[in-house]
């Protein structure tokens, strides 16, 4: 059973089936959207409950209470459940829901493709078997009438003895036309007969089998999506079950008979030995608890391959099926022509060596071939080779010999105000700051917000120690202290090793670069300006009322994305140019991390072009282009590769000054070359061929992007390569296609675009050259 063998005459039923399945998928999508929303609301409600309990549970007991511990654990586990539910909701949104959206688009494309191909082959079949034959038949009848008429006139001429030759000539011509048309009609009948067999035996079944294959692939993908949905939304997953087990265990540990033993011990007179033993026992139990929790966290962080990833291959599979269909149509046409060729060759061979036929007998209707062999061998392609080629084709400040007490003036300062505390900087950035024996700093863990880490350079290695917190004390493995500054001061002044095993000693505090450091309290967030790749962007205000733009980083982003987020700030710290957006500072003392930049009031350049297109004159557009070239020439001199130069990533400031922005993809390399093997989120239409094909980014590839930016500017915000998809644009560029000049674009500007789009990077102009040319053009434009 199959579509090809059983549903040749069920076209309408197949269309209804696809419509019904699309409605079902839309219903499933709507359901998942509502489930994500409800789970997030549930997680938020649980979190609010826990926060309310924390506010009301500020009273600290001076003894160990099992009831208090159990209740605290219940609250902590409830908060953990809230985080799990929030994570599940986000996983559901980014996993099954995202894949389902992609699948709906693919399914719509499959239906569209099926309808188009079916209409095409059906129209061709009707043309070959109906239209062309009817046309020939009509002509045939007309010629018969003309021949009969010519014969009658010839007889009349013979009888009268007038114009006999002229009448005979007309009769000859009419008869020859009839014979030729007769032969054409016989060939057309043979071709139509074969085409009809091919249509019902091969072409239509192949299309239907292709549709069935894609339908089954989509069912398989949907099964994977629903399976992943089931796993994510399950309320009996290991992590949720563990939460409830922890709560149950903590409740069972409440013992009325021993509840007040610690209270009695606390308030009676103790010996020093008893206090020491009790402290050691408490320490041991807490260390075991830490190890146990770390193991659980490690186990829960492991992920498995998702079954629903198959949906990512649907578009490629559909393209393959369409190519198969095209090959079959070519085979069908070849078979038709081969049959006609064989018939002609057969008749030629039959008459090979024979004398030409005698003069037509005008008294009788001459006869030509009227029959054909029904059995005709059809040639096939010996081989079909089809290959699809995927063109996949800063100096840091560091403390020298200054005294520790110049850096840490007092341990009474909060941690965030300590000069050696660098906030939530990435591990890799911390390692770059540690350069000589004994250098140290403290930072907040990127992977586990709220956990603090001591980073030290010792014996040629950069070591990282988690600062343990238990029983309201911070420690490594020795004496505990109420605050981290007191702990660090103790180890620095006494030169006590951090751990006996490591033997690390603190010698030189590494102070943070205060020029760029801001506290979260220094920035007041205002209205939401938009959303970026890493989080929201807000309008903000500093304490001195300076308006700023604040980029925030989502707390739940993976560590590698947080590092990329901060890389933009690290790059901008080194630059100062009127056409480069200015960095104000960075807030890394706690989560969420802020990057604070100058507020550019005109907004992004692309929206500006589209909004003001009726007002902008050529001179102003040249000025914008010159601003962009100046900024990029500055970056070029610093060996900085932007990698994402486009109108959307430029900003329009006061007096219509254009500024280069969005350095999230930028890299600074000593040799000016950056190689990337990843293809995620690449702006295809703006990226140079060598970067797309080989992952090789240089200032020359930025020049290519600048050419696209020029085209965007003078087209007043039109999307490049209009009417083309990313893949189509990429293929056309490889074939040598380049966009034509926008309307009213000066010829000199278009020549710069064409030079920027030279396929060979070494032939493209430098930004410094482009800057000079645009400056000259600006003086000429009125």
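Here the Cβ of each residue, glycine as well, is placed from N, Cα and C on the backbone.
Per TrEMBL, the stretch carrying the note coiled coil among 56-90, 91-125, 126-160, 161-195 is 126-160. Among the candidates 515, 545, 551, the residue that TrEMBL annotates alongside 529, 530, 531, 532, 533, 534, 535, 536, 537 as binding ATP is 551. Of the candidate ranges 229-256, 257-284, 285-312, 313-340, TrEMBL annotates residues 313-340 with the feature coiled coil.
Summary for the binding-site residues 533, 535, 537: the Cβ-based neighbour count within 10 Å is maximal at 535. In the three-state DSSP classification, residue 535 (ATP binding site) falls within coil. If you take every residue in the domain 'SH2' (420-510) and average the pLDDT, you get 89. Sequence-distant neighbours of residue 531 (ATP binding site) (same chain, 6+ apart, CB under 8 A from its CB) are 537. Residues 529, 530, 531, 532, 533, 534, 535, 536, 537, 551 are listed as the ATP binders, and the farthest two of them sit 14 Å apart at their Cα atoms. Cβ neighbour count for residue 529 (ATP binding site): 17 (other Cβ atoms within 10 Å of its Cβ, all protein chains included). Residue counts for the domain 'SH2' (420-510) under DSSP, split into helix (H, G, I), strand (E, B) and coil, are 18 helix, 29 strand, 44 coil.
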